[in-house]
Amino acid sequence: MGRKRSASSSRWLNEHFKDPFVQKAHKQKLRSRAYFKLDEIQQTDRLFKPGMTVVDLGAAPGGWSQYAVTQIGSKGRIIACDILEMDPIVGVDFLQGDFRDENVLAALLERVGESKVDVVMSDMAPNFSGMPSVDIPRAMYLVELALDMCKQVLTANGSFVVKVFQGEGFDEYLREIRSLFKVVKVRKPEASRGRSREVYIVAIGYKY
C-alpha cells in the first residue's frame, strides 16, 4: 500500500505543476524552469559570450547547462558536476559525484585543466529538512565551496552566479563576494518562486 503524501508535499506538487515556468519548460522540452532564471540573469547582466569556458555546479537536471550552451556556442566549453545523474547535453562534460568529496573536486579540477574558467555558476542546494536552523547552514556550506572553486579556477575579470538562501550567514557571504569582485548584484528572477528564500548573487569582474 502506498504511503500518503503529507499536506506540505501535496501542496508543493500542486504548486509545482501549476507553475507557468514549469509548464513553459515542459512545452519547450527544456530540462527545468531554472533555464528561465539564467536567461533573465543573462538579459540583465550579460555573463556569457561565445567561446567561454563555464563550470556548472549542481547541474542536474541540466537547465543551466542547456541554457549556457546556447550562449557560448560550439567553441565554448562547459564542465558540469552533480551528485545526481544527468542526461547528456552536447557540449557539456558531465561529472557525477558529490562536490563536497575531495576526490570529486580533484576530478573536476582535472577536467578544467590548465585553462582558466570565465564563469562559475552554482545552483547547488542541500536536501531540505524543513528546519531553517539545519537547512541554512547546509546551504551556506555549499555556496562557500562554490566560492572556493572560483578562487581556484576563475580568470581575472571572470564572473560568478550562485543561488543563495537568505538567512544566517548571508550578509557575511555577500560581503566576502563584494571583496573579490568589482560588481555584485542580488537578483530574484521572475521564475524564482516568490515565497522561496532563494536569491541569486551575480558577481562580475573577479579581481585576482
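Yeah, the Cβs are placed from backbone N, Cα and C, and that goes for glycine too.
According to Swiss-Prot, the feature S-adenosyl-L-methionine binding site maps to G62, W64, D82, D98, D123. Under DSSP, D82 (S-adenosyl-L-methionine binding site) is assigned to a strand (E or B) in the three-state scheme.
Around K163 (active site, proton acceptor), the same-chain residues six or more apart in sequence whose CB sits under 8 Å from its CB are G58, S122, D123, M124, A125, V143, E198, V199, Y200, listed in sequence order. Taken residue by residue with DSSP, K163 (active site, proton acceptor) is part of a strand. Annotation source Swiss-Prot lists active site, proton acceptor at K163.
Residues G62, W64, D82, D98, D123 are listed as the S-adenosyl-L-methionine binders, and the farthest two of them sit 18 Å apart at their Cα atoms.
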